[in-house]
């Protein structure tokens, strides 16, 4: 889960109330969060707080403050209100990353802590919601340095000329300048081969090159009070969500929308979802007797707005920043959090079941026992493998957001793992006799998740004079133990995977 660092003094300043570390930890725990680490410094305490992956609104101290203001003090959470304006961005790019949204925050007063929090929140949104800028990227600019209107367009790489963030010298080749930069270089993969996508103001100054870097000319600082926030990406919903999040956390009384004009005018849509909820539904799931008024109070403490219809029903409005709410079940979960899980009566379920071991796991354990009695040692290898190692992977499931080349695909055979185990233990005495019982994954269009699991047994023998009978014998024993009598061994002509005339 993502974590945020919050200074004790700053969060207490935002909340308007002081808590000792133990009390604050209990408050967060009851809310569904957890302090991962408490770092004591000479003049302050820093809390490292684990945030659920779907609560993007809590990834900064300001967003956490708004949530706790409602939870602790029952303060009604107000959604953001954007005023209309004459600020305009002309969209002339309609290819990759054509989704654009923008807004302006006016009269925001930064201090060092809130400025650092603003920059950190921007990066966390791009990293989590934006999948490391592959789906969404965000740029923030000093409004007072921009000449309007602004154009979002594609230019040839030879036309690029600007000073990147924290650089005073102008450059005309991003790839050459940032190819060895560990922080910026990883985003160059999202740039087109022949063109750069840029925001350019009326005087021809480049504001940013999404999703790589902003211009140093429009860099914001602690003294910046008026901020342009622009968000681009491949998905309109995620682009709008990302913009709503940062506007909500760093709100002022003077925020305005930026008109995106292409073939039609596009305005940032902030639509609130609503649900009709009854106390009977809450009782069914949580087994608590509660009045509709008390239910309304609980929901308000979890940032919702309510409208009581009658003594059993109320309408619940979900604020736009609560993108984690997808179903009534999420509302009921929040009710349980606010009510307190320890306050819910525990009852025995109406249906009693007798637990038993899964039949497949039971059979797998018996196979393991037989293989061990045959002199083989069990190994456990990685389920994720590289594409090059997954030689049986013609129909394998590939990981879309892998962290390393060793974790590109889900294994479709146990064989590569066994070979790696041997290669890592060549110092051991021979013969080496190892086996593994484990799941492999294949793509399957008929499955509801697009793939299916299969449980495989694989064994490997290494010796000075290895022969086919060294593994054929154990396999014969296993087949007979399983009651399989009608089987035969055939030659297997696959020179990619086995030596010629050495497989069956």
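The backbone N, Cα and C atoms fix where each Cβ goes, glycine too.
Record features (Swiss-Prot):
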| type | residues | note |
| --- | --- | --- |
| DOMAIN | 270-346 | domain 'B5' |
| BINDING | 324, 330, 333, 334 | Mg(2+) binding site |
Note to self: Quick check on the binding-site residues 324, 330, 333, 334: which one has the highest count of other Cβ atoms within 10 Å of its Cβ?
What the structure shows: 334
Check: On the 0 to 100 scale, where does the mean pLDDT of the domain 'B5' (270-346) fall?
Finding: 91
Notebook entry, point to check: Using an 8 Å cut-off from the Cβ centroid of 324, 330, 333, 334, can you name the remaining same-chain residues around the Mg(2+) site, in sequence order?
Noted result: 302, 322, 325, 329, 331, 332, 337
Check: Which numbers of helix, strand and coil residues does DSSP report for the domain 'B5' (270-346)?
Finding: 33 helix, 16 strand, 28 coil
